[in-house]
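Data first, discussion second: the structure below is written as structure tokens.
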């Protein structure tokens, strides 16, 4: 049996592997619904450690921080000083917060906090679907601003029947879709930087995905299951094809793209090669594919066909079809009446259920972040204990 000597003591690699497995199982048990007090305590301690680390990093980059604060002060003064420039300030403010909102949702979708928040399904997809349904109903995309984008109502001047095309709707939602895609590209940077720093420093990073990646490289020839072969295919594509391989992986819905970021960092792919391909793939190519899918799915004739197919289901079809018909009719009524018109705005049970689904998923996302940070602190304790044992 192969043994390694560490400061006079021998360590069996199989025992080390077994200990790591037990430590990981122990960390996975640190969740709010099993150990609430310990989880909250570890979460708070990990938060304090992260705040301390970020404060130290900001202090080391205090010249950049001072420049940013001076720029912020200048922008604040411009914002509050009266003048003819205020109309442009208001316009830029609206666009900035609109873009920042979607970029933030994109980052939350891919940055790897907790379970990740599926913001396309919860926010961008429903927004595109609402614009699509409204465009076909109003025969126009020139929705009054305000209340758009908070609420969609038809313009007073009715559009020409049949004037809405696929390209018209794509153009209407292009900005928010591209900003969301750019946010997902930014969210892919942490695995890249982590793997790159580990390769340059030669140190073992505190990241299980990176450790799995190294193990996969070591046992590449022995990979038999589909998941391992898929990961190897992504790694080989990115490593051998370079920019266009990264672009191909980023341009399609790909749950293994984190592996592409780790691969690029590990093999020291230049930053702009990785980020440029990721940005083009996610913010332009992939987003247009997703937009087309949503727009086609929620186009007027497709929606009508789906509702009629629901009604054709034996026994339960009519009862299932009725709430969908009521929901679509309510949406049509809302599109043709302004909020201050005095017309009562009813709420269907479908809208109510979707709102509650969003709340539940956001709450679960927050809980997963708390659990993840608590487990990170537990891993710090385990590594500290392991280091102390090695130095004895």
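For all residues, glycine too, the Cβ spot is worked out from N, Cα and C.
Through the fold, the transmembrane segment (63-81) approaches residues 89, 93 of its own chain, all at least 6 residues removed from its boundaries and within a Cβ separation under 8 Å. According to TrEMBL, the transmembrane segment annotation covers 63-81 (among others).
Residues or ranges marked as transmembrane segment in TrEMBL: 101-124 (among others).
Marked as transmembrane segment by TrEMBL: 237-253 (among others).
If you look up TrEMBL, you'll see 259-280 (among others) marked as transmembrane segment.
Marked as transmembrane segment by TrEMBL: 292-313 (among others).
Taken from TrEMBL, the feature transmembrane segment covers 357-378 (among others).
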| note | Under 8 Å Cβ-Cβ from the transmembrane segment (237-253), and at least six residues away from its ends along the same chain, one finds 185, 260, 263-264, 267, 269, 273-274, 276-278, 280-282, 285-286, 289-290
| Which residues, given as numbers and ranges, are at least 6 beyond the ends of the transmembrane segment (357-378) yet have a Cβ under 8 Å from it? | 26-28, 30-32, 38-43, 45-47, 49-50, 108, 113-118, 122
